[in-house]
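Novice: My questions all concern the structure below.
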Amino acid sequence: MCTARYYITILTAILGGSAQFYSYGIVNPCQELITQWINLTYMERSGTFVSETNLNLIWALVVGSVSLGALAGALLVRVLSERCGRRNALIINGIFNIIGAFCELIARSASSPELLIIGRFILGANMGLTSGVVPMYLMELTPAKYRGAAGTLHMVAVSFSDWFSLLIGLPEVLGGSNWWPIAFALPGIPALALCFILPFCPESPKYLLMTRGNREAAYDSIVALVGEKQAKPVFNELIRESARDKSRSGSFWELFTSKKLRLPLLVSLLVMVAQQFTGCTAVFAYSTDMFINAKLDPQTARYATLAIGVVYFLFACSAPLLIDRVGRRPLSLFQLIACLIALSLLTLFTGIQQYGQATWASYGTIGALVLYMCVYGVGSPIPWMITGELFNQHFRSTAVTVSVFVAYLMATIISSAYLPFQQMVGVTFSYMPFIVVSSISIVVLYFILPETKNRDVNDIVNEARARNHSLSVGMPWNAVSQEGRTEMKKLLDDISEGYSSISN
């Protein structure tokens, strides 16, 4: 059993850190309002309105500053988490979060769109940093039996912040002309709470023992997390894990050049890229437009987007309950396959609606979007946590830095390229790159993705190498064990059984 301090630490980290993804979505419901304010502000400065081209450029900076900040924040994961510790990295992140929120709060009163852009860049950097540090911190704090569930809580908080930002951004809530600065600055409140609470919470015992070499501090941290009675066996297991870990560098150079680390790095990046090519970035960014294409009026489309955001959150809440029942590998493959089916249905119904002029197909489009949100939420946490299980302590933060940076790089590229690509090929065919890449990813990951549940890092890597060797000698069927060969057949049964046990 874990202590009250453990639960307070977990709650503080996910609400003060992970929920900062709120900043990504809050801008979408307020687009018209913010662009009008920008135009009026520059008219007051220069006496003339901004041209449409320049206004679109400024708006692109407002929206894109979060993504650019996230890329910068991702690169800071290793530096801050290794030099300052996981907990202190989150505290530093929280301080800058408050600064970014303050910039957004005063942007309108200061008549400064530049402050709004700067604030969103800082909050984007907070997002990039928390994407790597929070899952790592949660999993290192948690006893092995519950580590998978703890690792999923980051994305549960992210999914909550996604729909919550859409709710707050509605004109009826805080998205009106008088209140939008408060809506934008809202993340500063949980960040402030984090800065006050987290200093009294324990640091990661793995970090204290394996990185700092402080046995006494590591033991005290374990006592704070699980209590005196359970501390000794947990500490002894940590000592054994430390003894098995012979590496001491953890540099980017060694990560990219070591043959032993090449395959785990490849797997972690492929899982992250595969999820980005489920189309999640495009669906989240343009879901309102998709509903409008399905013949909903703009106001109803906004509420529909909020509704599917709630659906995404509810199904993401099932991930902590399913992750250790079903396993990382089956759940990841299930998510990818189900998202592929949903995207294929979305393409089919959109095509029927567009080229066949069948009005009933709009219902199919809406159903496909709802289905997509359901199945995406179930497996969404896995890419963000699996890297921490594929690498030992000394390379964990380095590998997480790389995988998070790649995730945000792909998200930035996809979100920037999707709309021009859609205008070029049409809505129906705009989903084809996601379908093609997802299909290839499913096949590749089926053969090379190892199961990481309740397993030692060395065992996981050895399985991955065996799978890779079978592929390299042209015998992919040997890459899958006897148990694995029946895995695809049992996949839906496992998910169904997991949900049944939850409901009972």
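Backbone N, Cα and C atoms are what each Cβ position is placed from, and that goes for glycine too.
Just so you know, TrEMBL annotations are computer predictions that nobody has curated.
The following feature annotations were taken from TrEMBL:
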type: DOMAIN; residues: 9-453; note: domain 'Major facilitator superfamily (MFS) profile'
type: TRANSMEM; residues: 7-27; note: transmembrane segment
type: TRANSMEM; residues: 57-77; note: transmembrane segment
type: TRANSMEM; residues: 89-111; note: transmembrane segment
type: TRANSMEM; residues: 117-138; note: transmembrane segment
type: TRANSMEM; residues: 150-170; note: transmembrane segment
type: TRANSMEM; residues: 182-201; note: transmembrane segment
type: TRANSMEM; residues: 263-286; note: transmembrane segment
type: TRANSMEM; residues: 306-323; note: transmembrane segment
type: TRANSMEM; residues: 330-352; note: transmembrane segment
type: TRANSMEM; residues: 358-378; note: transmembrane segment
type: TRANSMEM; residues: 399-419; note: transmembrane segment
type: TRANSMEM; residues: 431-449; note: transmembrane segment
Novice: Are there residues at least 6 beyond the ends of the transmembrane segment (358-378) whose Cβ is under 8 Å from a Cβ of it, and what are they?
Specialist: 159, 278-280, 283, 287, 290-291, 293-296, 304, 308-309, 311-316, 318-319, 322, 331, 334-335, 338-339, 341-343, 345-346, 348-350, 352, 495
Novice: Counting Cβ pairs under 8 Å to the transmembrane segment (330-352), which of 57-77, 89-111, 150-170, 399-419, 431-449 comes out on top?
Specialist: 431-449
Novice: Under 8 angstroms, Cβ to Cβ: which one of 57-77, 89-111, 150-170, 182-201, 431-449 has the largest number of such pairs with the transmembrane segment (306-323)?
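Specialist: Of the candidates 57-77, 89-111, 150-170, 182-201, 431-449, 150-170 scores highest.
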Novice: What stretch in 150-170, 263-286, 399-419, 431-449 has the biggest tally of Cβ pairs under 8 Å against the transmembrane segment (182-201)?
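Specialist: That would be 150-170.
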Novice: Are the transmembrane segment (263-286) and the transmembrane segment (399-419) close enough that 3 or more Cβ pairs fall under 8 Å, when only pairs 6 or more apart in sequence count?
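Specialist: With 3 or more qualifying Cβ pairs, these stretches touch.
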